[in-house]
Every structure is written in C-alpha cells, then in structure tokens.
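*Asks:* Here it is: the structure, laid out below.
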Amino acid sequence: MAAAKKAVLGPLVGAVDQGTSSTRFLVFNSKTAELLSHHQVEIKQEFPREGWVEQDPKEILQSVYECIEKTCEKLGQLNIDISNIKAIGVSNQRETTVVWDKLTGEPLYNAVVWLDLRTQSTVEKLSKRIPGNNNFVKSKTGLPLSTYFSAVKLRWLLDNVKKVQEAVEENRALFGTIDSWLIWSLTGGINGGVHCTDVTNASRTMLFNIHSLEWDKELCEFFGIPMEILPNVRSSSEIYGLMKISHSLKAGALEGVPISGCLGDQSAALVGQMCFQDGQAKNTYGTGCFLLCNTGHKCVFSEHGLLTTVAYKLGRDKPVYYALEGSVAIAGAVIRWLRDNLGIIKSSEEIEKLAKEVGTSYGCYFVPAFSGLYAPYWEPSARGIICGLTQFTNKCHIAFAALEAVCFQTREILDAMNRDCGIPLSHLQVDGGMTSNKILMQLQADILYIPVVKPSMPETTALGAAMAAGAAEGVGVWSLEPEDLSAVTMERFEPQINAEESEIRYSTWKKAVMKSIGWVTTQSPESGDPSIFCSLPLGFFIVSSMVMLIGARYISGIP
C-alpha cells in the first residue's frame, strides 16, 4: 500500500517560545498565520536562598530539543511535511543571565532569572557611584538601576563564582541572555555556534546604548564588564545561522533551517499583536505582566516610573522602533504560589472556579510583592501582603483577590502610561496564558473601565517570533506589509461596573500597596540572612507567626 502523500500547506515557520515557566515550539502557516501544531514542557525554578531564583541552562536547552522533536512528530501524524519549515524564530524570557564555557559548551553557573533579588546590595553600592543618581544609566539605556536587569547579575557572577572568574581570565567565557545561549547551541555550540543577540534583548542588559544601538563602553567600565564576553548585536529579523544536528535531536530534524528571528518575549508579543503604529499597546499576562506601548522612532522617557526600551528592528536596514514599558514582576506567578506554596488550589485552572464561587474578594486585598515592586514604584523593600481579612474570608476570596491584584497592577501601569503619552488608550489588547481566564479578563475591563480585547489565537509571542523569522532577508516567506497581514478575530470584554465602584476598589488597593513598602531591609537577599526578623521584637514575631499559622489553617479548611 502506498504511503499517504504529505500535505503541502505552503511555507511554514517555527518558533521557540522560551519563558520563565515553560518552553514551547510552535509551527505556523506563513500565509495564514494559522497555528498548526505545538508542544510544551514546563521548566523548573530553583530557590536556593530567600530572594534567589535560578534555572538550569542545560534543562532549558534540552526542553527546546524535546519541544522541537515532539512538534515534528505531531506534524508527521497530521501528514504535514516538516521540510516545509523554512525558518525558525526565537522568543525568550528577557534579562535572565547565563555565562558558559565556549570550549566545552558547559554553563559555568545556573541562569540567574530576571526575578532574582540577590544583587540588591550591589545595586545600592553602584547607585552611590552614579553622578546625578540614576540618570547616568537611564539616559543611555532607558532603564533604572535595578536588580531586574542583566548587568548587575553578571557583575554578581564575576564577583562570586570562581569558575566564571577563571573562564573570563582565560578567554573562555561567553555571556548571554537566554536567546544567545539557545542560538549559540542550536547553530553548533562548540562547533561554530553563533554568539549573538538582538537589539530587544540587548536593550534589557543595562549595558546597551539604545540611541547608538551598540554596547556602551562607559557602561561596561562602570559595571566592570569585559566587552569581549558580550554577544554580537543583530537586528530582530535576519539570518543568524543554520540549525545543526544535535545528538539530542532525533534524525537531525530541521537540519540546515535558518534561525532568522529573535525578540525578547514582550517585543515578540507586540509584533504578534501587530502593534506596528505609534500609540498602539498590548499587555501580556504571563509569569509577570508587561504593558508595552509603541512610541515609533522616538525614545520617550517616562516621568512616571516606566521603562524606555527597544520594541523591535525588523531587518538590518530597517528603522528601530521604541516602546514605553510597564513591568509587573508577579502575575501568573501568584497563581503558581497559591498552588505550590499554600496548596489552596491543585491546578492553575482551578483558581477561576474558586473566584467564580464568590464573585468578590469581600474587602480582601492581595499585594504579591514577592520580589519587591517593579513599575511604577521600583521599590525593592516591598513584600507581599494580604490584608482586609475577616472571619468570613475563605480561600475563594483569597483566589479572587489574587486575580484582582494582577488587574490593579495593570491599572497602575496604564495610568502612568496615559500620563506619559498624554493620549489615554480607548481599549487594551491582551495576550498570554492567563487571558484564558474569563473572570480575570472581565475584572481587568472593570478595573480599567475600558474594553479589553483578546485575540482568538492567544499565541502572539510565538507568532511575533515566527513573523520576524519568516520576513527576514534571504527567507522572505512572511510579508509584514499591512495589506498582507492576516485579520485576527477578537473577543471583547466590556466594563460591567460603574466608574465610581471601579475607583473605590482601586484607591483601596493603593492603600494596601503603601502598607507593603518598606517591609524589609534590602541586604537580606544577597546575604541569605532574613534581616527583617532582626528588627522585630521576639514576642511580636512569635505572636504574629502564630496568627498567620492559624489563619492559613482556617482558610485552607484544616480543623
């Protein structure tokens, strides 16, 4: 019996979407933007000390191989020929820092994740050396001096990890964000791997001049970073190298396919949402929450706690676009915390059911400042609090308050963005894994008091990476001309409460935020010493701990 003929669907484009919580590989039809198949693998996070967050770079790389292999198998089962995959794009969690040995291909330390707080004392020491405080760094990079960005993570590795120090001295060390590590590995690694990054990821290191689009010598000297370990900076859409056979990839799947698109995850989502015009904005709900507004070819510097960053540069000879960004550290991560740390839910999907049971937080407010507060406060001394508890409060109210917290944080970012841009958004385009939660989307519309618009195909981050890869010179299978872009169907959520109620809830939230600030001294994450305990009387600490224990047992329904 003759084998079934493989389906011909026109040129296909793959996308690696490597996030904080998971890795995925997705394949799209370049003519219709239809998602044909994908595979996902969850990624572990390690917390070796209070405030430290790490991941294993080899586990991340292996997850990419697994996702590519499984997706190709699924395409085969659908009778789709994988030889039609003409390009691959990469989207990645930004700022997360990796240093590896270019001779062995081995990471020299775990990846230090963007959420990590260990560098707070490093930040404080550096800030005292800056003339005019943060303006020296911000004027060049668009970023405040913060634990969030790669430069201080790399400085910590150079100061504290002997393997890194030795590799730098012996000219064996390479630095990169996750995109650099993946592209180097996928294009051959120790056998000619390409050491590069794109402008969007480079702009999150605090070492990159967003005006000249080059590594900044003054910044590298200030942070004490040797420039020879930095990757080459390329545009977001060009051929970086070709996929090479790996022992981890069966039968050399996708051997020779160009890797030709690369964007940090939030820039990729901006492209995937087709926010190509000045003033268009999107909000992505993932581990964190990130609101980006395209400001065109102009750098707009915020007066209200937002970041200025590179949005994209879709080709070597194409112009650069910039964005204003509001970053929230904890969004989907709070759901994971309720599941893994408190056991209030057994799966992430369960939170919608719990919240729906009560339809209100009953005056309970949750500020999930587990890693301090990012935009618009940039306050590392903040810590998470749950307040407004009564004897009536149960786990359903806590679940509802957690969802509200994501929405309130987005409201704070949007308010800051409206003040900076001067033109309030008439609606908010959203994407990311959490947007499948309809209660969250309705809450967001209520709290913003504007419509929330969600694309029917939620994989906009991967789509953006695929678009950049397919549009690259030398690939040319995906047109980014406005008339050629596929129309996207949308689901719309309208506000269902009045403006007065929305404002009352928001103002109460802001009171809760103020209570979370100044909770800890900022030396503890680096030393591993929870110094806040030292500042509390012992009796108060014991009594408050007992109250929290009893409250947690009550909320969980334990007798």
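The chain as shown is numbered from 1 upward.
Keep in mind that glycine also has a Cβ here, set from the backbone N, Cα and C atoms.
Quick paste from Swiss-Prot:
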BINDING   T20, R24, T287, G332, G433, N437  ADP binding site
BINDING   T20, R94, E95, Y148, D265  sn-glycerol 3-phosphate binding site
BINDING   T20, S21, S22, T287, G332, G433  ATP binding site
BINDING   R94, E95, Y148, D265, Q266  glycerol binding site
BINDING   G252  beta-D-fructose 1,6-bisphosphate binding site
BINDING   E501  Zn(2+) binding site
TRANSMEM  532-552  transmembrane segment
*Asks:* Check each residue in the chain of R24 (ADP binding site) that is at least six apart in sequence and keep those whose C-beta is under 8 Å from its C-beta; list them in sequence order.
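*Replies:* For R24 (ADP binding site), the qualifying residues are V16, D17, Q18, H38, H39, Q40, V41, C67, A462.
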*Asks:* So among R94, Y148, D265, G332, all listed as binding-site residues, which is physically nearest to S21 (ATP binding site)? Use the C-alpha atoms.
*Replies:* G332
*Asks:* Nearest of the binding-site residues to E95 (sn-glycerol 3-phosphate binding site) by CA-CA distance, picking from T20, S22, G433, E501?
*Replies:* T20
*Asks:* Would you count the other C-beta atoms found within 10 angstroms of the C-beta of E95 (sn-glycerol 3-phosphate binding site) for me?
*Replies:* 26
*Asks:* Beyond T20, R94, E95, Y148, D265, what residues of that chain have CB atoms within 8 A of the centre of the sn-glycerol 3-phosphate site's CB atoms?
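*Replies:* For the sn-glycerol 3-phosphate site, the extra neighbours are Q93, T96, V113, W114, R204, G264, Q266, G288.
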*Asks:* Given a 10 Å Cβ-Cβ cut-off, pick out the one of the binding-site residues T20, S21, S22, T287, N437 that has the most other Cβ atoms nearby.
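*Replies:* Buried the deepest by this measure is T287.
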*Asks:* Around the C-beta of D265 (sn-glycerol 3-phosphate binding site), how many further C-beta atoms are within 10 angstroms, looking at every protein chain?
*Replies:* 29
*Asks:* Check the Cα-Cα distances from G433 (ADP binding site) to the binding-site residues S22, R94, Q266 and tell me which is shortest.
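*Replies:* So, of the listed binding-site residues, the one sitting closest to G433 (ADP binding site) is S22.
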*Asks:* Excluding R94, E95, Y148, D265, Q266, please set out which residues of the same chain place their CB within 8 Å of the center of the CB atoms of the glycerol site, keeping sequence order.
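*Replies:* Near the glycerol site, the remaining chain residues are Q93, T96, W114, R204, G264, F290, S327.
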*Asks:* Determine the C-alpha span of the sn-glycerol 3-phosphate site listed in the record, that is the greatest distance between any two of T20, R94, E95, Y148, D265, in Å to the nearest whole number.
*Replies:* 15
*Asks:* Nearest to T20 (ADP binding site) by Cα, among Y148, D265, Q266 (binding-site residues)?
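*Replies:* Answer for the nearest of the binding-site residues: D265.
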*Asks:* Within 10 Å of T287 (ADP binding site) by C-alpha distance: pick out those among the binding-site residues R94, Y148, D265, E501, and say none if nothing qualifies.
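*Replies:* Hits: none.
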*Asks:* Among R94, E95, Y148, D265, Q266, which the record lists as binding glycerol, how far apart in Å are the two most distant Cα atoms?
*Replies:* 15
